[in-house]
Amino acid sequence: MANVQFGPHAVEGVWPLPQAFTSSPERYPVNSQDFYFVYGRQSAAQQGCSVLDTAFKRYFSLIFPDHNSGSPADRLSWTIYLVPFCVPDNLSISAGKASLNAETVWGAVRGLETFSQLVYQDDFGSYFVNKTEIDDFPRFQFRGILLDTSRHFLPVQAILKTLDAMAYSKFNVFHWHIVDDPSFPYQSSTFPDLSSKGAFHPMTHIYTQSDVRRVISYARLWGIRVLPEFDSPGHTTSWGKGQPGLLTPCYKGGTPSGTFGPVNPALPSTYRFMARLFKEVSSVFPDSYVHLGGDEVDFHCWRSNPDVRVFMQKMGFGGDFTKLEAFYIENIVNITSALNKTSIVWQDVFDYHERVMVEVWRAGCYLCEVRRVVKAGLRVILASPWYLDQPGPTHNWARYYTVWPLAFKGSEEQKKLVIGGEVCMWGEYVDATNLTPRLWPRASAVAERLWSDEKQTSSVDKAFPRLQDFRCKLLRRGIQAEPLYVGHCKHEYQGI
C-alpha cells in the first residue's frame with residue numbers, strides 16, 4: 001500500500017509547530033470514499049459528544065475540499081482515543097491508520113487541525129499523508145484575539161469567520177471588546193436603552209441575545225472561549241446615552257458644561273446599575289473570566305465636579321484620583337467576584353487591586369511591566385507587542401514572531417504567572433472589509449509564539465516557508481490572508 005516519496009508535494013510542516021514532530025518520506029494514499037472517524041473503544045468520549053461529532057464533520061470537509069474526486073485506495077481509518085492524564089497529546093500516523101490520544105476533547109480538536117494540515121494532494125488530485133509521529137501541547141494556556149465591535153460594528157458572520165481562522169492557528173480565547181465610547185451594540189435585556197440609544201443604529205448595528213448565544217456556541221465547538229469586556233469607568237460615552245445619571249457631569253467655572261466624563265464613582269446608583277448589568281453579563285457569557293477594562297481614565301471631569309470632590313473628602317482620598325479609581329474598580333471586582341467570575345483588567349489599574357488578572361498593553365518596556373506584575377504575584381496576559389490594527393506590510397510578521405514573552409529576570413514560579421498573550425485588533429480603521437487580511441497571516445505568527453517551543457521557533461528564515469504554506473491553506477479554506485511575499489498558491493483565493 002505504501003510508496004516512498006521524496007518529491008515536492010509533501011507538506012512543509014504544521015503551523016503552529018508541534019512540540020515534537022517526526023515525519024518520514026513513506027506516504028499513504030487517503031481517499032474520501034474510504035475515510036472515516038472512529039471513537040476508540042476505551043475513549044471517554046463517544047458518539048453524541050457534540051464537540052467531536054461536529055469537529056469530525058468540519059474536518060472531513062477541510063481535509064477533502066473536493067471529496068468527490070480521487071480513485072479508490074486503501075482505507076485509512078482515524079481513531080480518537082481520549083485517555084485521562086495523557087500528557088502530552090499524541091498523534092500517530094502509520095499504514096492505513098491514524099490515532100490520536102488526547103486528554104480532553106479540546107486537545108482532540110487541536111489534533112484534528114494538525115492532522116488536517118498533514119494531508120496533501122499531488123498534481124493529479126490524489127490525497128496522501130506521510131508516516132508521522134507527533135507529541136504536542138501548548139506552551140501558554142491563554143492564546144487570544146481581541147476584536148473591537150464598538151468603533152466599527154462587525155457583522156456576526158465576520159466574527160464567525162474569524163473564529164474559524166483562529167481555530168486553524170490554535171487560538172483559544174476570543175476577547176470580545178463589545179462596547180466602548182463610540183457605540184453600545186450589545187442588546188441588554190435588563191437595560192434595552194443602552195443599545196437602542198447607544199448603538200450606531202438600534203436595529204441593524206446591534207448584537208441581540210440570540211446573536212451572542214450563536215457566537216458563544218459556535219466558538220465552543222472550535223474550543224474557543226468567549227471573554228466579554230465591558231470597559232469602565234472610562235470609555236463609556238455610549239453608555240450615558242441610554243442610562244442617564246451614570247456618567248459624571250463635567251463642570252466649567254462652577255457650572256455644568258453639558259459634557260460628561262467617566263462613570264460617576266460617587267453615586268450608590270452607579271453600583272446598583274453595574275450589579276444588575278454584570279449579573280446579566282455573567283449569565284449570558286458563561287466563561288469564568290470577565291474583562292473589566294479600567295484603562296485610560298481621564299481625571300479632569302472628576303476633578304471639575306464638586307459632588308465628586310466632596311465624596312473624595314468624605315472617603316479620605318484627599319485629592320488623589322487614583323484612590324477614587326481604585327475604589328471604583330474594587331467595587332466592580334466585588335460585584336463580579338460575587339458572581340464567581342475572575343476579573344481581568346488592563347495594566348492601568350493593576351496597582352489598585354490584588355484579586356485580578358492583568359493584561360499588559362502599553363508600549364515601551366512591556367517586559368518591565370510584566371515583571372512588576374508577576375513580582376506582585378498576579379497572573380499576566382501580554383498584548384503590548386501584538387497590536388495588529390495599524391496597517392503595515394505583511395512581511396512585518398517577523399516583528400510579531402520574534403517576541404520572547406518570558407525574557408525578563410524572574411523566578412520560574414514568577415514566569416509561570418505569564419499565562420499567555422493576545423493579538424489586539426482595535427476598530428478605529430478596521431471593519432468587515434479589511435478585518436481578515438489585516439489579521440491573517442500576521443496573527444498566525446503570534447499563534448506560533450504562544451503555542452510552540454521557543455528554541456525550535458526562533459528562526460524567521462526557517463519559519464517562512466511553513467508560514468507561506470500555511471497561508472495557502474488559509475486561502476483554500478476561504479480565509480483572505482494577505483500574501484507574505486512574491487509567489488503563488490496552488491489554489492488561489494477564488495473571491496467571495
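For all residues, glycine too, the Cβ spot is worked out from N, Cα and C.
Computed from a predicted structure; not experimentally measured.
Summarising the environment of Cys49 (disulfide bond), the number of other Cβ atoms within 10 Å of its Cβ, over all protein chains shown, is 18. Positions annotated as disulfide bond by TrEMBL: Cys49-Cys86 (among others).
Residues or ranges marked as domain 'Beta-hexosaminidase eukaryotic type N-terminal' by TrEMBL: 91-118.
Per TrEMBL, domain 'Glycoside hydrolase family 20 catalytic' is recorded for 140-453.
Feature annotation from TrEMBL assigns disulfide bond to Cys250-Cys301 (among others).
The feature active site, proton donor is assigned by TrEMBL to Glu296. Using a 10 Å Cβ-Cβ cutoff, Glu296 (active site, proton donor) registers 12 neighbours.
Here TrEMBL flags Cys472-Cys489 (among others) as disulfide bond. Neighbour list (Cys472 (disulfide bond), Cβ cut-off 8 Å, at least 6 residues apart, same chain): Cys489, Lys490, His491.
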Across the domain 'Beta-hexosaminidase eukaryotic type N-terminal' (91-118), what are the DSSP residue counts per state (helix, strand, coil)?
14 helix, 10 strand, 4 coil
Across Cys301, Cys489, listed as disulfide-bonded residues, the smallest other-CB tally within 10 A is for Cys489
Closest by Cα to Cys49 (disulfide bond), out of the recorded positions Cys250, Glu296, Cys301, is Glu296
Including all protein chains shown, what's the count of other C-beta atoms within 10 A of the C-beta of Cys250 (disulfide bond)?
18
Cα-Cα separation of Cys250 (disulfide bond) and Glu296 (active site, proton donor), in Å?
17
